[in-house]
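Input: a single structure, listed below in structure tokens.
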């Protein structure tokens, strides 16, 4: 483990002299020039998330949204949840791993809430508790609904893939500094250099230091380093080796409790957690990518990703209300999880090819994924003094002389075979895919039995291009993901599963600079967890539930006019539990029927641009039992950006005023209880300066 943590600095130490020499050589040899990449917000890049091989949005019979780094930066967004505001059907969920590893709900499908680990893909590989670091991000791709063709599993509600920045054949770089209310601070340095133009060899190093806003009196600091080197030979092959290291120190924030069916009437910055120390998380990722042309029409792909994570969690949370005590008095409990080790190894190989048969063009994809994840987590539970939220008496938790630990194991070994054919003939195209999964999964304390599963997930879709600028499609897809729970008899439980029917319409406007998306869907989940009525242990679960979501989603992004850019997302989502012994027919938590995000930017000139954003959600249930309701809200944000050419580079200054009208609102809650309600930040300001060269 010690060697893994030093891998990133070691690689950077090797690369920096080469970068420096390349910079010096640039003064003596012909320069490749500065490469400036600016993707139009409406020109969504080709993505292989849904089909295995890259396909243009109009040719993809699925709901895929790409959020580019340019849009994230223009909106002044610093977290994954803020980036996902641009995705219809994406709503916030609560987790306790700091502000970097955030949870979310896609299309009303329960995912990772309450599991202790958020799961996103990074460059096509599923990772647990991966911290979102804006300086590392090229774009965020989101598949709404099951059926992802890449990655080791197809999530029941959809998939979020964080695409990171990679070395490019150009000499460029950037440096940035930002700060705001309540101690928010972000700095980064990004340098990309061509080491050899003849050999097509390039390297890139990105360094980050970040401190999140402490408006709720909890620290969250992250230091990160990302380094990579890439080699190519025209289009014959591409090789890339990268290392990423992050070191995070944070304090888990459990928010505020619900009382009488509503959030407690207390100041939104009231902090009720007082652990004896902060929590820490250190991640080291090594990844190797290669692709090579087998022929003029076929290509082989290879990816290997290795993650080693070491964390210690100290978190204090509210328990049930204390009987007989004054209103607002809650018990408290503390969980201590020292020295948790998580290991992920993911290997993916695949072949893509294009063939003409019988007047039809076939885009073929075949892939094999092997994924191994192990987690060994010691934990101790401690009682803490009760606290009254209306008149809190402070008193940090004190560690006892000794602890009584239990150990939880989470082991997943999965092998996936994916086959897919996207056939084009005239204005029509069809997708037929099959995904076969075999996995061994163990989750639970010592003595818990594992489970072996085999699943075949089909994917079918039909698309017709109505013109060069719009298309319609219908699709059927399925997905599975492991349930992180065990039964009273000590048995790991089967995976939750979903199937979805969807129809959609996509169109380009304004010469392709504006893109719209409209989708209607119905999604059904099975194997949802329920409390085991045969035991009082709240951690004993059983498979006794189904869920159903259905809705309409619409988006519009790009240039509405020469000076006006827009990013609009709206979703109507009706999500309920179905057959379930505990809560039949009740609404799924954290899912508002109506959710809207609108961002508009007016470009006064080549240098000045003003942005206005509105984010709104209807009321939501806060917990499975539907005992507490989070009220609806609308939040308004403003920003102004000034860009100026200076010294051969581009200086960019931005000021963002968030929550302009200081609206009190709640972002999300915890799935199982109503004691963990996450309030949204009050009015705050953030200013940043960046220089690109």
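In case you wondered, yes, glycine gets a Cβ from its N, Cα and C as well.
Note that TrEMBL annotation is computational and uncurated.
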Annotated stretch (motif 'TonB C-terminal box', per TrEMBL) among the listed ranges 658-675, 676-693: 676-693
Tertiary contacts of the motif 'TonB C-terminal box' (676-693), as residues 6+ beyond its ends and Cβ separation under 8 Å: 34, 36, 76, 78, 92, 94, 96, 172-182, 184, 186, 213, 215-216, 253-258, 263, 268-269, 317-318, 622, 628, 630, 633, 635, 646-670
For the motif 'TonB C-terminal box' (676-693), the number of residues DSSP places in helix, strand and coil: 0 helix, 12 strand, 6 coil
Tally of residues which DSSP labels helix, strand or coil - the domain 'TonB-dependent receptor plug' (58-159): 18 helix, 33 strand, 51 coil
